[in-house]
Amino acid sequence: MKLVLLGYMGCGKSAISNALANSLNLKRIDLDDYIETKEGKTIADIFKENGEIYFRKLETTCLLELLDNEEAFILSLGGGTPCFGKNMEIINQKSISVYLSANIPTLVSRLLPEKAKRPLIARIADEELAEFIGKHLFERRHFYLQAKIAVSVDDKPVQTIANEIVSAL
Ligand code: S3P
């Protein structure tokens, strides 16, 4: 089985993919980690030194590489991965996609302490983060909603969310 977790930054893709990997006995892959290893640089440095367009091309190349060359896995994407080019279409052709839906207060509380390692929000003032996320999510939701399965993650323990996903498969 190829399972792909997607959703906005801070929705819990990594933590939930860990729990799912245990429940389903599948290998876990994180697309951001894969990109960082391949490039030998952090995501923040790739954005800083090469720019976002370079990052998006690299992200799509790595996504295709994993979807085509790996047999079975749980893959957690970056928040923007499904929102560029034909990525969402390809994800749905080659895997079972799961959208982890989080509301704005949940995202703000998780992202505030972690802004620095995320180039798209690193320079947004704390008091403007909720408004930024609201607008950004509005642009991206259309892509996220194309996932085959959608699960709400607000105020739920990670294992409960993982169990809900397993039941929906
Ligand atoms: C991004 C999300 C990040 C990372 C990059 C861009 C985005 O991943 O891929 O900073 O466009 O939303 P996480 O969702 O794991 O933070």
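Any Cβ shown, glycine's included, is placed from N, Cα and C.
Automatic prediction, not curation, is the source of TrEMBL annotations.
For the substrate site, TrEMBL records Arg56, Gly79, Arg140, and the single candidate of Asp32, Asp33 listed with them is Asp32. Reported as a whole number, the C-alpha separation between Arg56 (substrate binding site) and Cys11 (ATP binding site) equals 20 Å. Remark: Arg140 (substrate binding site) has Tyr8, Gly79, Gly80, Pro82, Cys83 as non-local neighbours, by Cβ distance under 8 Å and separation of at least 6 in sequence. Taking a C-beta cut-off of under 8 angstroms and a sequence separation of 6 or more, Gly12 (ATP binding site) has the following same-chain neighbours: Leu100, Ala102, Arg110, Val153, Val158, Ile161. Cys11 (ATP binding site) sits 15 Å from Asp32 (substrate binding site), taking the Cα positions as reference.
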